[in-house]
Structure formats: structure tokens, C-alpha cells
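> Following this message is one structure expressed as C-alpha cells.
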Amino acid sequence: MAAEVIYGDQLAQSLREAMKEEVTALKEEGLQPRLVVVLIGDDPASRSYVSGKQKAADFIGIDSELITLPDSTTEEALLSLISKLNQDQSVNGILVQLPLPKQINEQAIIEAIDPSKDVDGFHPISIGRMLTGQETFLPCTPFGIITMLKSKEIDLEGKHAVIVGRSNIVGKPVGQLLLNEHATVTYTHSRTKDMQALTKKADVLVVAVGRAGMITQEYVKPGAVVIDVGVNRTEAGTLTGDVDFESVREVASYITPVPKGVGPMTITMLMKNTIKACVNQNKK
Ligand SMILES: Nc1nc(=O)c2c([nH]1)NC[C@@H]1CN(c3ccc(C(=O)N[C@@H](CCC(=O)O)C(=O)O)cc3)C=[N+]21
């Protein structure tokens, strides 16, 4: 039996419709959620992601501003921009698109963002709160993945979740969120010995490494739930995942496609975090 495909774009659309209503109500109270995205340099992949965010924000009624700076921007200049945005009461959320050019220390930038505006959920305070299961901004991709699993009522308690990839923005946090959902979590990465023996045991397999098609059917246990976070550009310019979709869908129970899977959910969770930031900042 072939897997059921979890279409992130469809779920994203229904969540965006609900958020649009929520924002309409906030506007009636005089609140206008506002996100500022800072993009340094002119990477085409970043551009496409940024335009997806703009579209989602427009649809929902979130005010979204893009600040584009040249590749040569200094760390000092970026820190001073962040300080200005931190102080600007009309700005609810700040997102600095990663990766940054090499003259800028990424961690210093992440830590400069006011945690109350950290809609990416990358600040150490946000991460610490997530680890300890407290209310916080969850990082958008892991948050989107958990939301997709919940939308299909996939039970995670006691299940073996195997993560392929240990990045700070996807692999590590998605493992922690799955742990919070009572899964048993194994992290695998480029130094893992006999990765296939581990992925073959996964009830839930989350792949976020950035290697097109690396997860073939041989890596997957029959009936597993397979989440593909890969965003790989092919030579033809199309997007493809880390999972060999056609072969894996034959054995999995659920599978997410690329495109139209996790990507649109990432953007949607960013919008959710922006609304939350606006509401929290205006609570008295
Ligand atoms: N501070 C920061 N936060 C991020 O969340 C962040 C980042 N930097 N840097 C880059 C990565 C990448 N990322 C994507 C999100 C959505 C799609 C997405 O919506 N993709 C569409 C297709 C888009 C297309 O075809 O170009 C899809 O999968 O269907 C892709 C990639 C967020 N990232």
C-alpha cells in the first residue's frame, strides 16, 4: 500500500485562512501585526523564500517589510539595525535570513534580537524554553512538522523518532519537540556509523541534511512516517527533497512531498509566531 501524502500547502492554506480572521479581529482592536525580514546579499534561494513569506503575510493581513542589505554589510551595521528594530514598538517580529556572509558572526546576531521579537525561535532563551517545555516561540520548521503530524493525528507517544541531520535550525530542535511529545529520539548525522541500521528502526523519520534523494527505500521501515525537510535546487531549477519520494512512498505510511510539504508550513508558523508576538507585546 502506498503512503498517504501529507500536503503541507493545503494545511498551510487552511491555517492561513484562520489566521486571517484572527488578524482581522486584532485590527478591530487597533493592533497591526508587523514583521521585518532582513536579507543580506542576493542569494536566489533566499529570494524565493522571502517572496513566499511576503505572499503569506499579505494574505493574512500581516504587515511585512523586507530590508535588503549588500553582501558587504558589517556585523556592526547589522547589530545597529537590530537594535533599532528592537526599540521600534511598531515591529513585532524580526527575522534575519540565514546563512549570513562570513564577516558576520551569526550567533552574535541571533543573540542580539530581543527574545520577545524572536519569531524564528533561534535565540538561546527561546531554545532553552523549548527544551524545558515552556511556552515560547518555537522554531518554524520543527513547529510546522509537529503541526503536520498532529493534523493527521499521528500518535507519537513511545514511538521511535529518528532524525537525520543535526542543524541548530531543524535537526536538533525537531528532535526536542518530538521528545516533548513523548517519542524516543535518536539523532543521526554525517559521522554516524551504519546510519541505515538506525533509520530502518524509525517509526517517524525526519530528514534534514540537504542531500538530494539520499533516503531511499532501503533506509525506511515499512509503515514509517517520513518527513522530508530537504530543500535542494536541481540543475533545472526545481526543488527536490532529501527523500527519494517515488521509492519511499511505496513502503511508508505517510510521507511529505517537496515542494508543497514542510516548506509552506515553515512560512505559516512564522506568521503564527508573528501574530503571537503582537498579541504578547500588547498585553497589559
Ligand atoms: N532565519 C531564517 N529562518 C528560516 O526559516 C530560514 C532561513 N533563515 N534561511 C533559509 C531557510 C529555508 N527556508 C524555507 C522555507 C520555506 C520554503 C518553501 O516554502 N518552499 C516551497 C517552494 C518554494 C520554491 O519553489 O522556491 C515548498 O517547499 O513548497 C523553502 C525554504 C526557511 N529558512
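Just so you know, glycine gets a Cβ as well, placed from its N, Cα and C.
Summarising the annotation, TrEMBL assigns NADP(+) binding site to G165, R166, S167, V231. Residues annotated as domain 'Tetrahydrofolate dehydrogenase/cyclohydrolase catalytic' in TrEMBL: 6-120. The domain 'Tetrahydrofolate dehydrogenase/cyclohydrolase NAD(P)-binding' annotation in TrEMBL covers 139-280.
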> So for S167 (NADP(+) binding site), how many other CB atoms are inside 10 Å of its CB?
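S167 (NADP(+) binding site) is surrounded by 16 other Cβ atoms within 10 Å.
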> Residue counts in helix (H, G, I), strand (E, B) and coil for the domain 'Tetrahydrofolate dehydrogenase/cyclohydrolase NAD(P)-binding' (139-280), per DSSP?
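Across the domain 'Tetrahydrofolate dehydrogenase/cyclohydrolase NAD(P)-binding' (139-280), the residues distribute as 53 helix, 26 strand, 63 coil.
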> May I have the DSSP-based helix, strand and coil counts for the residues of the domain 'Tetrahydrofolate dehydrogenase/cyclohydrolase catalytic' (6-120)?
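Once the DSSP states are binned, the domain 'Tetrahydrofolate dehydrogenase/cyclohydrolase catalytic' (6-120) shows 61 helix, 18 strand, 36 coil.
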> Kindly point out which of the binding-site residues R166, S167, V231 have a C-beta less than 6 Å from some atom of ligand 1.
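V231, by Cβ distance under 6 Å.
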> Please compare the binding-site residues G165, R166 by how many other CB atoms fall within 10 Å of each one's CB, and tell me which has the fewest.
R166
> Limited to the domain 'Tetrahydrofolate dehydrogenase/cyclohydrolase catalytic' (6-120), I'd like the whole-number average of pLDDT.
96
> Sequence gap of 6 or more, Cβ distance under 8 Å: name the residues on the same chain that satisfy this around V231 (NADP(+) binding site), in order along the sequence.
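Expected: A45, G210, L239, G241, V258, G263.
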> What span in Å does the NADP(+) site cover, taken as the longest CA to CA distance among G165, R166, S167, V231?
15
